[in-house]
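What Swiss-Prot says about this protein:
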- His103, Cys150, His153, Met158: Cu cation binding site (BINDING)
- 67-165: domain 'Plastocyanin-like' (DOMAIN)
- 1-66: transit peptide (TRANSIT)
Amino acid sequence: MATVTSSAAVAIPSFAGLKASSTTRAATVKVAVATPRMSIKASLKDVGVVVAATAAAGILAGNAMAAEVLLGSSDGGLAFVPSDLSIASGEKITFKNNAGFPHNVVFDEDEVPAGVDVTKISMPEEDLLNAPGEEYSVTLTEKGTYKFYCAPHAGAGMVGKVTVN
């Protein structure tokens, strides 16, 4: 029987005798100092202008937003939701079929501000929004109170009112 033996010598380096180099050299470093192009006061003024412009844009966008009126309540009722609303002059109202019953939006010619032509703001009585999600939009500019109804369901109480300020 043969026996194999192996012996290896491993050398482990020792750092005990090493000393840190303490060589010092004089070095010259140029540092560029950035000079502000505007003063802090001018910078804060610019920030103020940006904040004011952003706020003004938000206010104007808020005035241009559309009001939404659902045609049919979530429980299937024949109603405009909301049935009474106030908007700013020039604000768009979007009437959206919520329930899938055929609905329309007709403004009552006797219940709008004087001089308003209801044929220009109403849907024709024979036109209907049949499917959920179908929409009709109108923008009212004349200040006053406008009453509207759904022609197929007015007898069931599907009426509404919008006040334009």
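Keep in mind that glycine also has a Cβ here, set from the backbone N, Cα and C atoms.
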**Q.** Distant-in-sequence Cβ neighbours of His153 (Cu cation binding site), under 8 Å, six or more positions away
**A.** Leu78, Phe101, His103
**Q.** Those binding-site residues listed as Cys150, Met158, and which of them has the most Cβ atoms within 10 Å of its own Cβ
**A.** Cys150
**Q.** Cu cation site shell beyond His103, Cys150, His153, Met158, criterion: Cβ within 8 Å of Cβ centroid
**A.** Leu71, Gly72, Leu78, Ala79, Phe80, Phe101, Asn104, Tyr149, Ala151, Pro152, Ala154, Ala156
Q. Helix, strand or coil: which one is His153 (Cu cation binding site) in, per DSSP?
A. helix
Q. Hey, what's the Cβ neighbour count for His103 (Cu cation binding site) at 10 Å?
A. 26
**Q.** the domain 'Plastocyanin-like' (67-165): DSSP-derived helix, strand, coil residue counts
**A.** 10 helix, 38 strand, 51 coil
